[in-house]
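Visitor: Okay, so Swiss-Prot annotates it like this:
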type     : residues  : note
SIGNAL   : 1-26      : signal peptide
DOMAIN   : 36-89     : domain 'TSP type-1 1'
DISULFID : C37-C72   : disulfide bond
DISULFID : C48-C82   : disulfide bond
DISULFID : C51-C88   : disulfide bond
DISULFID : C96-C108  : disulfide bond
DISULFID : C103-C121 : disulfide bond
DISULFID : C115-C129 : disulfide bond
DISULFID : C136-C175 : disulfide bond
CARBOHYD : N246      : N-linked glycosylation site
CARBOHYD : N274      : N-linked glycosylation site
CARBOHYD : N354      : N-linked glycosylation site
DISULFID : C363-C389 : disulfide bond
DISULFID : C494-C510 : disulfide bond
DOMAIN   : 494-524   : domain 'EGF-like'
DISULFID : C497-C512 : disulfide bond
DISULFID : C514-C523 : disulfide bond
DOMAIN   : 543-585   : domain 'TSP type-1 2'
CARBOHYD : N545      : N-linked glycosylation site
Amino acid sequence: MRTEAALQLGFCALCVMLALLGEGMGRELPDPPAVNCVWSRWAPWSSCDPCTNTRRRSRGVEVFGQFAGIACQGSVGDREYCITNAKCNLPPPRECSDSEFQCESGSCIKLRLKCNGDYDCEDGSDEDCEPLRKTCPPTVLDTNEQGRTAGYGINILGADPRMNPFNNDFFNGRCDKVRNPNTLQLDRLPWNIGVLNYQTLVEETASREIYEDSYSLLREMLKEMSIKVDAGLSFKFKSTEPSMSNNSLKLDASLEYEKKTMIKDVSELTNIKNKSFMRVKGRLQLSTYRMRSHQLQVADEFVAHVKSLPLEYEKGIYYAFLEDYGTHYTKNGKSGGEYELVYVLNQDTIKAKNLTERKIQECLKIGIEAEFATTSVQDGKAHAKLNKCDDVTTKSQGDVEGKAVVDNVMTSVKGGSLESAVTMRAKLNKEGVMDIATYQNWARTIASAPALINSEPEPIYMLIPTDIPGANSRIANLKQATADYVAEYNVCKCRPCHNGGTLALLDGKCICMCSNLFEGLGCQNFKGDKARVPAARPAVTQEGNWSCWSSWSNCQGQKRSRTRYCNTEGVLGAECRGEIRSEEYC
């Protein structure tokens, strides 16, 4: 630690000296010393749980990796097998009433649901008989993909949950139907869905501006992804806690087409020269749904995992639960597909061809119109571009670096088949633009593989059945775990950036997103200093970074408080905007 402090002080002194003496001399400041991930020590092992023969321990992140240092990629929790002489005292299973049937799993269903042709017990034990009568006529199909995946979870830090908490194969003896306009057949609605409406909406937008540097683009993308919590631009796209289930990890080849992968690629474009960026986003909405407000049917495995959570709070296992099911579930959602294209443009070619921003935007959009009078997603129309866009879209000159306007296209696709996403990328790589036929091929596959494209979140602890033993303790623990999870992976554990750079945390690594006037891992260098005729250095307010909040004080006079401090390490004269102290009623 002494060596690191000395390096920081030396770097600070060097920054001041060069800033005062070297302005306009083309001197380039070195990047700040690398900061490696620092974990806290492991807490002592818990006692051995006699019901699972498992003991657990946890640790925390103290400092995230930064300035090309090692990122924090490990897990907070740890567990191992153990042996104990203590007895497992599980509460007795719930006794079903005379009007109920007990499934082999121990759950209870209404007796009228027995032998109706539906698996109202997830284990199918209610159908060990000849169906007396089927709930739905044979013309009605099973539930569609929108119904099967309804309610899928959301992680407020960005990771995709590994499991769905709902049992959407439960119908409660009802035969609610909806006509699917894509198949023209009737689909059956699960009990958990209160309303499902099919409504085709198509939209396509191009960024209002061409981004001059990758940081401006990245900053905009991250702000769009962030959910409004007190976490700043903090993201954790990779789940790092071991799953509570052996069957939760589903490796999907389409992951390479996720927006998270695109964000990672953009964040690594720090040294690219003479390039600018433009975004084109498209969305095809097929349906909207609303979950029931009460009596939601959760999966047996979800209940089993809730029951296995220790009554005494231990953050590692609770984090694992949140990464399995999400910090929230989807109360209301929209299903369909969306794509995002980031065009890497060659500035030299744009200037040589005298192209305007407006022309580039119009030519790189697909040009989709929606025929809302029809019910098919295949009836899109394309604006005729004729040959006026050849100087923008053609890649026939792309064999030689720098001749084409479009150097590269980064693709993010959500919804639809993997094959259609591959075709889309191949078309973009070959011609630099996507046409209406490629779009239609992708759109046709969305009905069979829809994605959640918009959601209204509700805390996951709201799904815990209140009739299970220890429900209130586990609900309180999950509330604390959600707050701790956001605080654990937070930019407050990063060091500040120079010259007004914006801090972001991506998968255990802090990055400084510089304004278009500055560069370097810490935004320490003014680009104008390297020009043949040095530009005047602008006046910049140096900003520190708030530390993490302290723990809440004890409740006194119906109030409690917490504090934080302004971290200015490595940035002289920096200040923080905001309050040092906060209070709330208790």
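Backbone N, Cα and C define each Cβ position, glycine as well.
Could you place these features in context, so I can see how deep they sit and what lies close by?
Guide: In the domain 'TSP type-1 1' (36-89), helix, strand and coil residues by DSSP number 0 helix, 18 strand, 36 coil.
Every protein chain shown contributes to the tally, and the Cβ of C37 (disulfide bond) ends up with 19 other Cβ atoms within 10 Å.
Long-range Cβ contacts of C82 (disulfide bond) within its own chain (separation 6+, distance under 8 Å): C48, D49, N53, T54, R55.
Long-range C-beta contacts of C96 (disulfide bond), restricted to its own chain and to partners at least six residues apart, with a cutoff below 8 Å, comprise Q102, C108. Classification of C96 (disulfide bond) by DSSP places it in coil, neither helical nor stranded.
Note: C121 (disulfide bond) has non-local neighbours F101, C103, E104, S105, S107, I109, E127, i.e. same-chain residues 6+ apart with C-beta under 8 A of its own C-beta.
The number of other CB atoms found within 10 A of the CB of C115 (disulfide bond), across every protein chain shown, is 16. According to DSSP, C115 (disulfide bond) sits in a coil region rather than a helix or strand.
In three-state terms derived from DSSP, C175 (disulfide bond) belongs to neither a helical nor a strand segment and is classed as coil.
Taking the Cβ of N246 (N-linked glycosylation site) as reference, no residue of its chain lies under 8 Å away while being at least six apart in sequence.
Annotation note: N274 (N-linked glycosylation site) sits in a coil segment as assigned by DSSP. Taking the Cβ of N274 (N-linked glycosylation site) as reference, residues of its chain lying under 8 Å away and at least six apart in sequence are, in sequence order, N346, Q347, D348.
DSSP assigns N354 (N-linked glycosylation site) to coil, not to a helix or a strand. Sequence-distant contacts of N354 (N-linked glycosylation site), defined by Cβ-Cβ distance under 8 angstroms and a gap of at least six in the same chain, do not exist.
Secondary structure at C363 (disulfide bond), as computed by DSSP, is helix.
In three-state terms derived from DSSP, C510 (disulfide bond) belongs to an extended strand segment.
On the 0 to 100 pLDDT scale, the domain 'EGF-like' (494-524) averages 94 in this prediction.
Cβ contacts within 10 Å of C512 (disulfide bond), excluding its own Cβ and spanning all protein chains shown: 27.
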Visitor: Going by C-alpha distance, which of the disulfide-bonded residues C37, C51, C115, C510, C512 is nearest to C523 (disulfide bond)?
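Guide: Minimum Cα distance from C523 (disulfide bond) across C37, C51, C115, C510, C512 lands on C512.
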Visitor: Tell me whether C108 (disulfide bond) sits in a helix, a strand or coil according to DSSP.
Guide: strand
Visitor: So if I draw a 10 Å sphere around the Cβ of N545 (N-linked glycosylation site), how many other Cβ atoms end up inside it?
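Guide: A count of 21.
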Visitor: Do me a favour and check the Cα-Cα span between C37 (disulfide bond) and C494 (disulfide bond); whole Å is fine.
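Guide: Pair distance, Cα basis, whole Å: 10 Å.
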Visitor: For each of the disulfide-bonded residues (C136, C514), count the other CB atoms lying within 10 A of its CB, then report the residue with the highest count.
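Guide: Neighbour-count leader: C514.
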Visitor: At a 10 A cut-off on CB-CB distances, which of the disulfide-bonded residues C51, C88, C103, C108, C497 has the highest count?
Guide: C497
